[in-house]
Amino acid sequence: MGSDRWKNIGGAPQMEDSVQDKSQRKGCGYILCTVLLSVAVLLAVTVTGAVLFMNHYHAPSTEPPPVITTNMEDPNALVTIERADSSHINIFIDPNCPDPFPRLEGLQSALLSALADHDSEQKVAGGKERALLTSLSDQVAQMVSQVARQRADWENVKKVQNGLGAEIGALKNEQGRLIKLLSEGQSHVAQLGSSVSEVLETVQRELGSGRPRVKADLQRAPSRSSRPRGCANGSKPRDCYDIYMSGQQEDGVYSVFPIHYPSGFQVFCDMTTDGGGWTVFQRREDGSVNFFQGWEQYRDGFGKLTGEHWLGLQRIHLLTMQTHYQLRIDLEDFENATAYALYNTFGVGLFSVNPEEDGYPITISDYTGTAGDSLGKHSGMKFTTKDMDNDHSENNCASFYHGAWWYRNCHTSNLNGQYLRGHHASYADGIEWSSWTGWQYSLKFTEMKIRPQREEN
């Protein structure tokens, strides 16, 4: 009795301990189940993120992406991932935790739906990219076709331009030939007038009377004919070439006496360049003289003969009316490079009864030289100054380009422009010879001079 009681007393704590152990084991089971469920969810989220990242990241590898499916054979597997090497990764959940399972099924469905939507978006994006590439390819093909057509058009334009250039060259040559024929015809008329005048003088002396008015009219015809070298004994030099042929062959200032201006005037003679005998009518060398002058100054001349000067349009006209003259233009830039332009036919107001009223038109052709032809296009043009607009432009070219010249619309040369000393920012308003230095370089030195045509020309 006593021992049974002791046993009962001793066994009571053992029963209480057993109940407590069962309670503790049940609590641990729930905790373990919760931990496993959390790990499974975290693992599923991680795997899903990795899969999404792999879908967005286009790796250079050609391996197919892993396939994610539900495992119908094993209901305890939440997700099965099949890799490229045919191995599988199963994500399990504890079957003893039935309560969260519906939520996991919903999560699984949402993830699979998101993956399906992502695949669909990729297909749509791929279709758009293909459409864009197709459109770009069509545009490139159209551009290539357009470039080919433009190139063909350019080749046609080039052929037409070359043909026009040849025609223009032929027309220039024909113009020079006609000018020479007209000059020779005028010379013959002048010689005929001189002969008739001599006959009239003889008749007047014999008859004691005459017709002075007719004689005066005939003498008005310009006497522009060929002449012998030098001047006859006792006669006055008509230009620097006569002086040169008389034996005076030093550069300097001399007096000349043109046929139609017997009182004469002084000129500077270049006796050294290309055989000598040149009569200088323009020089630019240091910018000491203002060449932006008016009509009267350019008609009568200005400056200093030994330095910068303009001889005068009227005097140039009187000189070039005597015979067939050639023009030489010497040029120098600020790097001391030199060039020249030679025109075998030159004159001012050759066919004018009143050259000033006609604007002192220039006649020029037959270019040779090293500077390029920047004056031939001005042939036939009248002289324009800032106060006398004779050009073809809507504006006064002399005022616009700060010079005075035989402007057309407006110029390819401007030797009476501003002395700007080399390269300048303004356009074409310096001492320009465009075929040699362009329109934005003002030359250091220019000299324009004339001489009778040589026999070999």
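One is the number of the first residue shown, and numbering goes on along the chain from there.
Cβ atoms are placed via backbone N, Cα and C, with glycine included.
Given the structure is predicted, the values throughout are model-derived calculations rather than measurements.
The region 'Disordered' annotation in Swiss-Prot covers 1-20, 211-235. Among the features that Swiss-Prot reports, topological domain 'Cytoplasmic' is placed at 1-33. Under the heading domain 'Fibrinogen C-terminal', Swiss-Prot lists 231-454. According to Swiss-Prot, the N-linked glycosylation site annotation covers ASN233, ASN336. According to Swiss-Prot, the disulfide bond annotation covers CYS240-CYS269, CYS397-CYS410. Per Swiss-Prot, Ca(2+) binding site is recorded for ASP389, ASP391.
Projection of Swiss-Prot feature records onto the structure.
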{"residue": "CYS240", "record": "disulfide bond", "CB count, 10 Å": "28"}
{"residue": "CYS269", "record": "disulfide bond", "CB count, 10 Å": "27"}
{"residue": "ASN336", "record": "N-linked glycosylation site", "CB count, 10 Å": "8"}
{"residue": "ASP389", "record": "Ca(2+) binding site", "CB count, 10 Å": "16"}
{"residue": "ASP391", "record": "Ca(2+) binding site", "CB count, 10 Å": "24"}
{"residue": "CYS397", "record": "disulfide bond", "CB count, 10 Å": "26"}
{"residue": "CYS410", "record": "disulfide bond", "CB count, 10 Å": "19"}
**Prompt:** Cα-Cα separation of ASP391 (Ca(2+) binding site) and CYS269 (disulfide bond), in Å?
**Reply:** 31
**Request:** Filter the recorded positions CYS269, ASN336, ASP389 down to the ones within 10 angstroms of CYS397 (disulfide bond), Cα to Cα, kept in sequence order.
**Result:** ASP389
**Message:** Going by DSSP, is CYS410 (disulfide bond) sitting in a helix, a strand, or coil?
**Reply:** coil
**Request:** Among CYS269, ASP389, CYS410, these being the recorded positions, pick the one whose CA is nearest to that of ASN336 (N-linked glycosylation site).
**Result:** CYS269
**Fill in**
Spacing of the two Cα atoms, CYS269 (disulfide bond) and ASP389 (Ca(2+) binding site), in whole angstrom, works out to 32
**Asked** C-alpha of CYS240 (disulfide bond) to C-alpha of ASP389 (Ca(2+) binding site): distance in Å?
**Response** 33
**Message:** For the C-alpha pair, I'd like the distance in angstrom between CYS410 (disulfide bond) and ASP389 (Ca(2+) binding site), rounded off.
**Reply:** 12
**Item:** Assigned element (helix, strand, coil) containing CYS269 (disulfide bond), judged by DSSP
**Value:** strand
**Item:** Average model confidence [pLDDT] within the domain 'Fibrinogen C-terminal' (231-454)
**Value:** 96
